[in-house]
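Each remark here refers to the structure printed beneath this line.
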Amino acid sequence: MDPEQLDEFVMGYLKKKGFNGAAKQLQDALHHNNNNNNGTGSSSSFNSTDYHNDPELTKLIRSFSQSENDPTRYRNGYSNLRSWAYNSLDLYKHELLRVMYPVFIHCYMDLVGKGHTQEARAFFNSFRKDHEMIHLRDLQKLEGVLVPSHLEEMEFARSLRQSKVNIKICQYSYDLLLQYLHRTESTLMLGIINEHINFQVYSGQPNSSSDDIDAVTIVGSFQETADHVNQKEIQWGLLEDSLEDRLEKTGSLLTDSEKGQGESKDGDVDDSNKKRSTEIGKQGSSLKKLKKDKAGNATAKVARQETSTVSPAPRVKSELALPVMSTDVEESILEDLRNRVQLSSVAMPSVSFYTFVNTHNGLNCASISHDGSLVAGGFSDSSIKVWDMAKIGQAGSGALQGESDTNDQVAGPNSRRNYTLLLGHSGPVYSATFSPPGDFVLSSSADTTIRLWSTQLNANLVCYKGHNYPVWDVQFSPFGHYFASCSHDRTARIWSMDRVQPLRIMAGHLSDVDCVQWHPNCNYIATGSSDKTVRLWDVQTGECVRIFIGHRSMVLSLAMSPDGRYMASGDEDGTIMMWDLSTARCITPLMGHNSCVWSLSYSGEGSLLASGSADCTVKLWDVTSSTKLTKAEEKNGNSNRLRSLRTFPTKSTPVHALRFSRRNLLFAAGAISKPTS
């Protein structure tokens, strides 16, 4: 490169980067130098620096002088960095590989931004397999970025460009990366890393845990927004004058020994199949089985000690006008609460699993009533089917038939069908939920509507219209009357049974809102989204008051602890995260499932968490120990798996629904599937 070309390139570079003052000084110096060379004057002071003859500086400028529009620089730079990271020592490899995904997506977006569409597609397809296991959803979205205008029009791409990635890395791994970049003069890769990655360098050896949930986090404008939102005050306590409060004040909670004595009087009359099946619906025989398996008073004493160590939740007032509960329903709930079995890590629940057969892959969702006596299934053919467990027991059949060969179209007094068929939707049914007393069922569908059904009349009462796209989930409030829904239109909505229009619309998620859950005090709802975040919304104002960031894939299930202090969320990768609502911080990730977590449920006293997954298992987690971890224990990668108390595998049944009853019997449901050969 001759001196004139070098001068011209430096001048153009300074102007392009906005260093106009420096460019003007260089131009004046070059002009003065030319005048001196044409005349008889001596060499200028500028020429005394003589950067033309400095080999190191010339080499650096030559690397910059390569056309910035040359797309091969991105492929070569990334390919070399990738080979170096994969060939590193195993001790440091998993930390160095964390850098590759941010570099990959920004190389791709830079290529698109410069108009190299074909080269960008070739680059994307060449290296996408490295990241599909963890970032498949993001890659599918990024695949739609094809022209420079998409980088501004698509919210996902724009947020990536404006944000930085925090990566935890040990000092030695950080030094190795810098040495490589400087030794190979990878100025392009160095620039991308410098612009889009923040390194959190810690001393000592690399963390042995490759699934550290905080190892890679996104920061930037969205993180700043979340931090600002999470400063808002929330009232996470329970409602004043609740039924639980009344029981505590009157001291009418029965001990396990008293419950055992009361139930032993009924033991001799439990002879026939009819009596036994009826009591399954009312949880009588299942509770007996639970107590036979446990060590009686000693176990109950341990359970009471564990629950008593938790500070009581504060009491708050409801922001909603709650419905008046009928005397019969109130007495039924109080009776269940009096007979609740105290669970703990040493007192495990009994599990009643309802298996759907002959569904032909048509079951989309399942729901279980609060006492386990009713089970509903939503199907792809737009139908809803409701089974009464007591009637199934009387008929002598324990299977939930998804489809029947006879009498499937008409329901009459002589019908052999053992379920109630509810027809009304015009698209697949994606969610169903029972009201707390079990007298109503809500369903949501791809037809954008929500329907209210009566389990007593077996008829559709109301059709609620408001969403513009398929409605993924709908949930009754803990006191009934109000319900919440969420949709592909990126919104969640609050409704009441007596109005056909929504009362509140919650907008803010960047993608589909996939699941919704009420807080126990009915003042808040939580929503999980495909944008990998969970949000908490104030029901009265419709305002977002918490944003929970940490999941690496779409959030599919949510559960609130009975005291309203904690929340659990499950995602597509099988990770469950427990959150403190007051601080919006993740207490601990629970690792164990290897597929989507479709359902979560806390036990009545909040000491256990049950999770149901597409990996055909139900897992029980010790919530008490999970919320008492020290900081040192949180850093230990192996501690995650110690909190799984027990795993219940099914034959070949993905778990669609879970529910702890008020008496702490665990119900689950799913459709049996043929194992893949």
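The backbone N, Cα and C atoms fix where each Cβ goes, glycine too.
Feature annotations, courtesy of TrEMBL:
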type     : residues : note
COMPBIAS : 33-49    : compositional bias 'Low complexity'
COMPBIAS : 256-279  : compositional bias 'Basic and acidic residues'
DOMAIN   : 68-197   : domain 'TFIID subunit TAF5 NTD2'
REGION   : 30-49    : region 'Disordered'
REGION   : 252-314  : region 'Disordered'
REPEAT   : 356-389  : repeat 'WD'
REPEAT   : 422-454  : repeat 'WD'
REPEAT   : 464-505  : repeat 'WD'
REPEAT   : 506-547  : repeat 'WD'
REPEAT   : 548-589  : repeat 'WD'
REPEAT   : 590-631  : repeat 'WD'
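Long-range contacts of the repeat 'WD' (506-547) within the same chain: residues 137, 155-156, 159, 225-226, 229-230, 232, 234-239, 316, 318-320, 322, 472-479, 482, 484-488, 490-494, 553-564, 567, 569, 571, 579, 581, 584, each at least 6 residues beyond the stretch ends and with a Cβ under 8 Å from a Cβ of the stretch.
Each residue in the repeat 'WD' (548-589) gets a DSSP state, and the totals come to 0 helix, 24 strand, 18 coil. Note on the repeat 'WD' (422-454): DSSP counts are 0 helix, 20 strand, 13 coil. Mean model confidence for the repeat 'WD' (422-454) is a pLDDT of 94.
Taken residue by residue, the repeat 'WD' (506-547) breaks down under DSSP into 0 helix, 24 strand, 18 coil.
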